[in-house]
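Record features (Swiss-Prot):
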- E:Gly70, E:Gly71, E:Arg92, E:Asn186: substrate binding site (BINDING)
- E:Lys35: site 'Transition state stabilizer' (SITE)
- E:Lys249: site 'Transition state stabilizer' (SITE)
There are 6 protein chains.
Amino acid sequence: MIRRQKYGDEIAKAQVLIEALPYIKKFSGKTVVIKYGGSAMLDCNLKRMVMQDIVLMKFVGLNPIVVHGGGPEINKMLERLGIESKFVNGLRVTDEATMEIVEMVLTGRINKEIVSLINELGGQAIGVSGKDGRLLKAEKDTSNGDIGYVGKIVDVNIDVITMMLEKGYIPVIAPTSFGDDGKTYNVNADTAAGKIAEALKAEKLILLTDVEGILSNINDKSSLISRMDLEHAKEFMNSGRINGGMIPKLECCIKAVENGVKRAHIIDGRLTHSLLLEIFTDEGIGTMIGKECFDDDNL
Amino acid sequence: MIRRQKYGDEIAKAQVLIEALPYIKKFSGKTVVIKYGGSAMLDCNLKRMVMQDIVLMKFVGLNPIVVHGGGPEINKMLERLGIESKFVNGLRVTDEATMEIVEMVLTGRINKEIVSLINELGGQAIGVSGKDGRLLKAEKDTSNGDIGYVGKIVDVNIDVITMMLEKGYIPVIAPTSFGDDGKTYNVNADTAAGKIAEALKAEKLILLTDVEGILSNINDKSSLISRMDLEHAKEFMNSGRINGGMIPKLECCIKAVENGVKRAHIIDGRLTHSLLLEIFTDEGIGTMIGKECFDDDNL
Amino acid sequence: MIRRQKYGDEIAKAQVLIEALPYIKKFSGKTVVIKYGGSAMLDCNLKRMVMQDIVLMKFVGLNPIVVHGGGPEINKMLERLGIESKFVNGLRVTDEATMEIVEMVLTGRINKEIVSLINELGGQAIGVSGKDGRLLKAEKDTSNGDIGYVGKIVDVNIDVITMMLEKGYIPVIAPTSFGDDGKTYNVNADTAAGKIAEALKAEKLILLTDVEGILSNINDKSSLISRMDLEHAKEFMNSGRINGGMIPKLECCIKAVENGVKRAHIIDGRLTHSLLLEIFTDEGIGTMIGKECFDDDNL
Amino acid sequence: MIRRQKYGDEIAKAQVLIEALPYIKKFSGKTVVIKYGGSAMLDCNLKRMVMQDIVLMKFVGLNPIVVHGGGPEINKMLERLGIESKFVNGLRVTDEATMEIVEMVLTGRINKEIVSLINELGGQAIGVSGKDGRLLKAEKDTSNGDIGYVGKIVDVNIDVITMMLEKGYIPVIAPTSFGDDGKTYNVNADTAAGKIAEALKAEKLILLTDVEGILSNINDKSSLISRMDLEHAKEFMNSGRINGGMIPKLECCIKAVENGVKRAHIIDGRLTHSLLLEIFTDEGIGTMIGKECFDDDNL
Amino acid sequence: MIRRQKYGDEIAKAQVLIEALPYIKKFSGKTVVIKYGGSAMLDCNLKRMVMQDIVLMKFVGLNPIVVHGGGPEINKMLERLGIESKFVNGLRVTDEATMEIVEMVLTGRINKEIVSLINELGGQAIGVSGKDGRLLKAEKDTSNGDIGYVGKIVDVNIDVITMMLEKGYIPVIAPTSFGDDGKTYNVNADTAAGKIAEALKAEKLILLTDVEGILSNINDKSSLISRMDLEHAKEFMNSGRINGGMIPKLECCIKAVENGVKRAHIIDGRLTHSLLLEIFTDEGIGTMIGKECFDDDNL
Amino acid sequence: MIRRQKYGDEIAKAQVLIEALPYIKKFSGKTVVIKYGGSAMLDCNLKRMVMQDIVLMKFVGLNPIVVHGGGPEINKMLERLGIESKFVNGLRVTDEATMEIVEMVLTGRINKEIVSLINELGGQAIGVSGKDGRLLKAEKDTSNGDIGYVGKIVDVNIDVITMMLEKGYIPVIAPTSFGDDGKTYNVNADTAAGKIAEALKAEKLILLTDVEGILSNINDKSSLISRMDLEHAKEFMNSGRINGGMIPKLECCIKAVENGVKRAHIIDGRLTHSLLLEIFTDEGIGTMIGKECFDDDNL
């Protein structure tokens, strides 16, 4: 066996590929729903890296599906158009004029930008919204009173997604949904990703966030909880030790796992190649929630 | 044989269905690319009727594909955002800021509105742009000098369309296209419809316009030319008797027919159910261009 | 929106097509078994119209299957051949010589005539008997004593039918059946249609008859019962208010609905386009029997 | 190796099966069109044996297709009905009344009898005529003047046949054909078999006749010609040494071979198991015509 | 009907083929696992005949699968290589050096010889071992103490077999198996054949042996038991009247039938064409074990 | 964008995966035939690494096919068995006794060892020889006189290989071939790999050797020629500057490229992960031969 000096670097790289093999084998053919949002959507370099990670996942045999939010782009456009936002209990009231802009920015700008980037990186993406092929059916969410066209998903029709996966495409989904009343509803992207993952019985739901994951001590970034089973996760939800913004995310993960998703992950989208790290390393970098046993996780 | 009085109306209706049978038979399984734009896009009733016609076409066995333009909606949004339009030789200069809005309105607003309407009427639509699945590849069109992100189509990849047709969906396509330079190009919707029809070797290309069709005497609306063969159409192009706005439309039809589309139609989108009338009646209502013989047209 | 005078008639026709759309959507891909017989088989114009209706049904997406009786043609041929008919309790005794003629006329004359007519009208029909592909297995029906080769169906093998439907053909079926004893049995066409509809779990069984439908008052043609649920239909069977000839027809419908057919219809075959009227109008023209709720019927 | 006495007979039988193996291998998956007629259609035992041979062929992997004539049954029925036959140059004038009876007997009696027998023997047959699925299109044959509804085949649509073969059925075909004029034409069964074999590019066309095959000396039954190449066969046609009734049969074989059928056979249907003998023995029992080389025939 | 003298022999042969028809029909498409070993593997003529029988079975529609042992060839090679065999309780201790030779002879010599012979006779064979495609998974069999790499099958993965059957190949399987410990285990070929038959829910498991079958009186070769139901077979196992070498064979058959194989056969491989005789004659030549009723056996 | 210290190593690894992406994309779905032999077959660690490389190739979307030689194992076994080797012009005379051992070792030992290793590493291998499914047909190679059962390939039947690839298996092929004379022929593994690559129109043929590649100066290991076009390669063949042992390897590569293989590679199997390095790095590590342009190589 020869380890010629001149190829030292290359051999080290080959070794890395070989190290990834068990993970590639494990997840080959599996479906992964990724909620894309937060900082990873704002920083140009991060954006590109996330999409590289997704294209790589596709090429090594996984089936990634991207569900994206809108974030600051929507606010910027509303502002430019002078549409004022009213708030009730900190939640934006989405009237018809606002909804129109939300849909336009989500499906006409952010969605297409993601599609462009994936295609440019060698993947094959198709961007759709929850209306296309009747993918996401919603009804008015009145849990916070009437705040307009804010919806909750009542049905997911996965036909459009499976059609695209069969043909090798990466689906990119904006969570604007249709209602039986002919109206368009805006739906939280985390929830949409969770519901889609449930409907697909996905292997993984991954929420890209702007935090490290779930911290056992909210003030100590080194207290990251790497793995939680369902019981543990539910206890934690009710413990009062969880940050407000994290509550709906953890809830979404818990529901997904309860409804058939194998693992749900909350990871730090601000970290370079966080998706690859979470999937292709033993430890992962965020918090993973699963039904019960973790002995074979990640492998 | 009984023709009971009480069923008189119903029997007359059944008779109409039976009259449509030869047309249904003739076009069963055939592909029809419809450029949707103009007044038919503005009037609420017309909009609905066009979409009803398209859904009906789908259910009786045709494969309609909708390619849409943007029109006044884009102007309105540019105006609301205070983006000024510069013009060169009457053509709008499309800088990056303008292109962003064009794409957003086309793919995020008009496209989704059409999808909603078709779905509401019982069809199954999926809306995409020329970027999705690398459907339309363009490069800068410099035939009018450098007027920014205005493109001409250099390649059509029909995989996305055929995938949707196989699964029973109605594709709704916004003609924003990708370039190899990573940029987005706006492409004329008539041309895009023509190129897509060529790539699909479609049975029909139908341009919905705001005129009756091609008039032999520009000032006499009763001088509508119902049918032209290629030679006649080309002669007419060079005759000087054709209205300026009609020139690119007729050109688009001529090219389509030269490149394998069986029939190209210029019809009056302002007319109620113009699509059905053109397809399901002998005479049709606009101008039809075909390679040569017309003896079997429409039947 | 323009409603130009000159297209008034055409637009009205287009409107009729659009009105048919909800019915076309509703029944798209559904299977309809039609018992063809009675006057609709004798009158040349009616014959043609029934077949037009069936071809139209096929082209707009339904899957019609024709089961036909023999009627007067058989009697005429028996007479020409001087074969005398003996009767027991009003039922013809079918000896071997008679059976031969019955089969010959049914499968060699009527069946092929229907096939010819459908093909001529643009459909694609294939005519078979219950022997072909072992479609209908019968055994001697002794419920009226030994009256020869009169059978009751004991097994339906739908392979031949589904093969034809998959390839776009309209099956035309003569109800002569095979027995395990190697003999040929004649089976009542209504019953055969019912059994075939059951085996296919058809959407509809439609019996073309020479009456308006079920009348609540046998002497009043205006007393037509449009819709009956199973309970109502059974009550009516035992009420004594039902005409003798209608008893087996109603019984056949009841059994079909009990065994999985969604709706069974008794309609007046003497009426022009009765099939289309029953399927493509709200009210229908005859009597429809269904398991229970009728709120969504026809739509 | 033991050859125990008690199994002597069985071992001899096994040996026969093994001897058949090379032929089974050679023809596995190949299509064989059999014209069934003559004495083999009249004698009860022969009938059964021919059908046994056909069922066996199917089970050992060949694809037999049966095309049948009508023969004496038609004459008998015409006689019973008192329909007189006029003759022109020895050819029966087929008026409309006659044609009706011809079709009825062919498709309603003989066709179904063959189907019954094959099914009884364990095969799966479906009987159709040239009208079903537009299998055989004919036009008036005026080569002998106007003798009524006698047709020549102008088009064969093999879709119905290939559909049945794919599903494992044995097609049984009556050669009554449709014309574009909506009329039914009677076509010679030998010719129909030949045309079908050509359209299918069949491995074999086999005509069951009432003679030994082609005799080099018309008066000497021991002068049977076992094999002829095309050139030889054509020479013989023009030699004047061929029997009148044999001329159209030999002509039919020559055309079939010219048009892509690999081998055409004229065999003696009066001989027990003639079909098996012709296919599964080296020498065969009748006359075989092929394009050229015979060295590998039968193996 | 003619029985011409000159074709007497041929007709007799055709008759034999016809006699085989009911058996061919009965077993068409059915799977038969054949354990090939013993004398039938040593005698050159027998070898060839067994393979002819198997090729014939394939061509007439059965799906034969060959599982083979090694026998004397292994001993010869061990001897040539001077590898001494130790025995414990009459069982050979299979150390690593021995296992290597066993695998080499089984998969590299005997397996390939069978493949050659089948191919030469016109079949299409592919030879694999229990390691290929993870077909047979074994673990150490310690029921006789530690005698080395002797395994018992714990899992059968039929994917490789069904893949080959779908493409028309005859699988030839050497029973060397893989263990989760990365080791190779030798497995008894009878047992392997039984397990494979179970996993395939085969129609038949046939063990080729060097005896007549099960004898009711061990000293009387005329006391062959032709058919046993499960109860009878189990009683017999415990009766003490069974020969030692036959015990594992009968046990293997009982288990197979208990686990879903329809019939298990112990036949005399020394007899010419024993496979064909067992399958294609009424009486068969060995002992057949089935769950219960035998009335329809073989037919 | 965060590059947290603690994940430094992981991120570097992710980066390596991303760097491999263009290569993975480029070769996705492509077929690569690997001749496995030489030192890479002897050293335990190298063996394992080559197989890891192959399994990784499979999982990231390539279709690797392994063709192996025998080498020292065959000599060892011949020696153990005391079979003396005669040589003519330095070539071993392969008599029948020798051939038996060659086949046994190749297909029964080396082939199965490779299968075991691939399976253990998570791949799914099936090992066959050139006899299985009639994969490789050879005839006696007399170019060096009669030296026994040494063959040259005259036909490759890729059905077995494509069947395995379709089902996700890695084919492992021993080059022992069948002759029409029923004999087994030993074929050079390089040649076999080349012929198989030609028949598959493979993307790549890779010969694992014990040298660096083609050296322009036979005495200077730093004079490795990285890329050659066909013309260059042929010139070099005739230049006299090429080492004797390399001549047949270069010849094999030239023929493969002439016959449709896109690239042929001669690489150093002694080098750790040489396969991955050659495929997944820009420069590669050995010599690559292609038809002409190299501008896009490797990318």
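Numbers run from 1 along the shown chain.
Keep in mind that glycine also has a Cβ here, set from the backbone N, Cα and C atoms.
What you see is a predicted model, and the numbers here were worked out from it, not measured in a lab.
Here the features listed in Swiss-Prot are placed on the structure.
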| residue | record | DSSP (3 states) |
| --- | --- | --- |
| E:Lys35 | site 'Transition state stabilizer' | strand |
| E:Gly70 | substrate binding site | coil |
| E:Arg92 | substrate binding site | strand |
| E:Asn186 | substrate binding site | strand |
| E:Lys249 | site 'Transition state stabilizer' | helix |
Which of these recorded positions has the least crowded Cβ, counting other Cβ atoms within 10 Å: E:Lys35, E:Arg92, E:Lys249? E:Arg92
Quick one: pull the CA-CA distance for E:Lys249 (site 'Transition state stabilizer') versus E:Gly71 (substrate binding site), whole Å only. 16
Only counting partners 6 or more residues apart, tell me which same-chain residues put their Cβ under 8 Å from the Cβ of E:Asn186 (substrate binding site). E:Thr94, E:Met99, E:Val102, E:Glu103, E:Tyr149, E:Val150, E:Gly151, E:Pro175, E:Thr176, E:Ser177
Count the other Cβ atoms sitting within 10 Å of the Cβ of E:Gly70 (substrate binding site), across every protein chain shown. 24
Return the count of C-beta atoms lying within 10 angstroms of the C-beta of E:Gly71 (substrate binding site), excluding that atom itself. 17
Using C-alpha atoms only, work out the spacing between E:Arg92 (substrate binding site) and E:Lys35 (site 'Transition state stabilizer') and round it to an integer in Å. 21
Same-chain, non-site residues whose Cβ lies within 8 A of the E:Gly70, E:Gly71, E:Arg92, E:Asn186 Cβ center for substrate are E:Gly69, E:Ile74, E:Asn75, E:Val102, E:Leu106
In whole Å, note down how far the CA of E:Gly70 (substrate binding site) lies from the CA of E:Lys35 (site 'Transition state stabilizer'). 11
Recorded substrate binding residues, E:Gly70, E:Gly71, E:Arg92, E:Asn186 - maximal Cα separation rounded to whole Å: 14
